[in-house]
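Here is what TrEMBL says about this protein:
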type     : residues : note
REGION   : 18-41    : region 'Disordered'
DOMAIN   : 37-161   : domain 'N-terminal Ras-GEF'
DOMAIN   : 192-458  : domain 'Ras-GEF'
REGION   : 526-592  : region 'Disordered'
COMPBIAS : 569-579  : compositional bias 'Gly residues'
COMPBIAS : 580-592  : compositional bias 'Low complexity'
DOMAIN   : 594-681  : domain 'Ras-associating'
REGION   : 679-712  : region 'Disordered'
COMPBIAS : 683-701  : compositional bias 'Low complexity'
Amino acid sequence: MASVSVWDEEEDGAIFTVTSRQYRPRDPTAPTPPPRSSRRLRGGTLVALVRHLLDIRMPEADRTFASTFLATHRAFTSTPTLLGLVVDRLEALESHPPDELERMTGVTISVLSTWLASHPEDFGSEVKGQLDRLESFLLRTGYAAGEGVGGCGADLIRNLRSRVDPQAPDFPKPLALPGDPPADPTDVLVFLADHLAEQLTLLDAELFLNLVPSQCLGALWGHRDRPGHSHLCPSVRATVTQFNKVAGAVVSSVLGATSTGEGPGDVSIRPLRPPQRARLLEKWIRVAEECRLLRNFSSVYAVVSALQSSPIHRLRAAWGEAARDSLRVFSSLCQIFSEEDNYSQSRELLLQEGNPEPNSKKTPRPGSRGGGVVPYLGTFLKDLVMLDAASKDELENGYINFDKRRKEFAVLSELRRLQNECRGYDLRPDPDIQQWLRGLRPLTEAQSHRVSCEVEPPGTSDSPAPRVLRPTLVVSQWTEVLSSVGGPTHLVSWDQPSVGEDEVPGTPAPLLTRLAQHMKWPSVSSLDSALEGSPSLHSPADPRHLSPPAASPRPNRGHRRSASCGSPLSGGPGEGVSRGTGSRAGASGPGASDCRIIRVQMELGEDGSVYKSILVTSQDKAPSVISRVLKKNNRDSAVASDFELVQLLPGERELIIPPSANVFYAMDSVSHDFLLRQRRRPSAAAQGSASGPSASGTPPSEGGGGSFPRIKATGRKIARALF
């Protein structure tokens, strides 16, 4: 038995986590052994981290510090700065006793040799100045020649010099080269599915082996689109480009179209009948299945995502001609990359050793297959980006948060392990397939959408049955009011409403604000409409008087949630979100942990629907999210006001996001599925006969018409009945 104690110790600009274990012998008469303690660096200044890196007395419990530091240092410093601090540390010991200087020099040469062997891409022309300083120190102290430490120093300088001007890796270029004739995308039917899968795996494996794991860090990849960062992460960009090219090849072949330019109309289309397109769909499904047998999950997901894209997904006539067996295989492939449990199925397949299909009846051809693996890189990129957003770069006192780097290093280590496993492939290039892949001219998103609509014009198929949704919303604010009328005991906590223009601080909230808490609203669409069309309305029940709760317990009945809504009265959808003083969101930005990835399904009318993944931060309001969804579906974002964003909740319920709401705070955490649809305008008869807060579907006039006067009248009646 052992008792464990954990505490922090600060020492010379660094914080260490100390773990002490006091073991007790089984024999009560035996003497108690002394406690065993271990120290692990939790954070510190950059100088303290470098000092710990070169510490010859580094404890056994922190042996992974050097590997973690070297793999993740680009997230908080640059290579020239780090190398300069190492040389500074050596030069500061020049006047120390020779024994101490020799030990420190030996440790430094060992660390630099490990750094060069593990991350040679870090040493480019920008470190030439620091390399000159290091060589001068070794020559001055006599450690650049001779045997032992001196011999290692000479080898180190020679190897570093050879890396000063590194050559960029030669990534495969499946796209057409200048002068190559365009290839017919429908020629995919000529090749055997397993042969094509092997060539795709050959290209993907070469890219994955050239991948630099540190370039996947969220601090680097997450900022790739910033001005001046276009040169960052070239190996990751090459992998993403290859993924997009494979997906483009699938779309081009199924549509039978080849791009001849950048314009939407610069397309050469080959006429195909639905049964012919069905054969192309079945071909690519077989290719994806062969890629799965080869454990090339990158191409599997590229093919699956292309078949799920809007231009292909909407081709109902072609899908109707596809064989049932192919559709069954396609469904199983889609399930592999399901977002359920954070892509748990695809992660489990990556952990399997050898062929993931041990019971498969297909026998691989000799010399063509191997035990390699190519993962879908997007899963790791998402993990690292979300980890970067969820954890702070610095501790409370400004020290570098090294615990965050340890978590990132665990993901990078998994990539390294998969790279070693990827070397197990034994594949041979096929010149015919390689030439066909190079000759493909993928379509742009606008071109593919236009061709798809020409192949099957909208409205040619029966529209899908509308989904029946039964939303319920209960807004609650003050526990004492609800208790007085027999409300539920577990309530959603709200901050106090902000003081309006005509209110006196410290007075109770208006009666309508309190009574609205007790009402179950089947929809909040009327609230959206009332806000959109009432520039002169300043009702205390306006949602801008509400702020999101810091912590909201789950209610027992009904669907209760809090929303942080902006004011649409001042400037439209571009205005900032108005929050109460109790809201924490005002201090949080996109770089904080306030972000989620949601799946938005857009209703395409007769063309069906398709999902798109959108990153929502605590700064995003409904209009901006709607515009991004429209752009991803090749729709004009200028018509965003004609659409509404709806969250799909369990139990066939929905929550309509108000147009001025902050989506991050308005959404319910139990579901990440959303629906984008056109706003529904009820008829005049329906408006006249309906009652309650959801009766009005159109904005009221400036004179005070619409849903809010009816809510006030209903509130007065309830007030007279209650009080």
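Using the three backbone atoms N, Cα and C, a Cβ is placed for every residue, glycine included.
Where the annotation comes from TrEMBL, it is an automatic prediction and has not been curated.
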Quick one: DSSP breakdown of the region 'Disordered' (18-41) into helix, strand and coil? 0 helix, 12 strand, 12 coil
For the domain 'Ras-associating' (594-681), DSSP counts of helix, strand and coil? 24 helix, 39 strand, 25 coil
Could you give the mean pLDDT over the domain 'Ras-GEF' (192-458), rounded to a whole number? 87
